[in-house]
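Heads up: the structure comes next, in structure tokens.
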Amino acid sequence: MGKADFLSPKAISNRIKAKGLQKLRWYCQMCQKQCRDENGFKCHCMSESHQRQLLLASENPTKFMDYFSDEFRSDFLELLRRRFGTKRVHNNIVYNEYISHREHIHMNSTQWETLTDFTKWLGREGFCKVDETPKGWYIQYIDRDPETIRRQEEQARKKKQELDDEERSARMIEEQVRKGREGKDTDEAPVYTELKRESEEEKVAFNLGACSSVAGPSKSSSVLGASALKAASSSSSTSVKRKDSSSDSRGGEKKKKSALEEIIEMEKKKQQQQQPVKTDYWLQPNIIVKVITKRLGEKYHKKKAVIMEVRDKYTAVVKMIDSGDKLKLDQNHLETVIPAPGKRVLILNGPYRDVEALLDGIDEKNFSAALTLDSLD
């Protein structure tokens, strides 16, 4: 019987059948030939080419089995790494996807008899993490690629750096809150004074909330410390009124500072003038900065911007130079931009704050620069 034409229906049908997966029992791994039925497989086993392959395999059967085992392992792990990554997946799902390829290495030609044996071997050799569940065996690929390990270490380092920045910002905020509370407690500390009368004829006037009582008309009243009355009764407010011959107003006089308080205040002013003024904020309008945070994406990371407005000393509204977008960022997410030598700069902190200067040179090893200051007048 002659062979059918290439475009005949029978030839087309045979090619369609040959494309799909066939039964494993009719596949010859040595010859890598798939037969469609039992008669075809029997004819193939009797062929001369198959007999030659069997003679070659009988000379060194271990060599061929190791070769097929290595090919099966490498292809299986490559599919697991590329398709599922480091996710935990059922081993049968991976195997079904592996055997869907028509030219795959069959397991009956390897050193493993079952998929379970192969899964246990992967766990023992350290290629995968394996665990047994009531639903079967699950595997998870262990990626030991040097590039992947380096990338993971870089991500961990950046994450730790971001956490350190957040912790530093939190500590700074806590410190500011603590200083604010200490200052508030110092301002509200009661000062007790002695109750004195200059004359027995003078009358004392009290103002208790909405009610006021004045004991008789008098030309003058003695001075009473408001803080002493405040310590005695926090719910009532007391004001001391005194009439002087030179003034008709009834406003209470301010408490005079003692000589010791004046000396302490003068010493503080001298110390502030002598010490360099350095603050924990440095933002200034109309300067060029660089965005260092990655939370906004690669579009703005390491891009330059101009500060348009400074809010609350630590927050700035910036305008991106490339795109023109406006962003509101904290100063921890920005860094200054140092121009080339010979350009003009603005000093942002220290005793020469807000002074313009000329950049003469940059010392990268010592993280310093040489400046020529403008006139300080």
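From the backbone N, Cα and C atoms, a Cβ is placed for every residue, glycine too.
As recorded in TrEMBL, the features of this protein are as follows:
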- 52-178: domain 'DNA/RNA-binding protein Kin17 WH-like' (DOMAIN)
- 152-196: region 'Disordered' (REGION)
- 168-187: compositional bias 'Basic and acidic residues' (COMPBIAS)
- 230-258: region 'Disordered' (REGION)
- 230-239: compositional bias 'Low complexity' (COMPBIAS)
- 241-252: compositional bias 'Basic and acidic residues' (COMPBIAS)
Checklist entry - By a Cβ-Cβ criterion of under 8 Å, what residues six or more beyond either terminus of the compositional bias 'Basic and acidic residues' (168-187) are in contact with it? => result 280, 330, 332
Item to check | For the domain 'DNA/RNA-binding protein Kin17 WH-like' (52-178), the number of residues DSSP places in helix, strand and coil | outcome: 88 helix, 15 strand, 24 coil
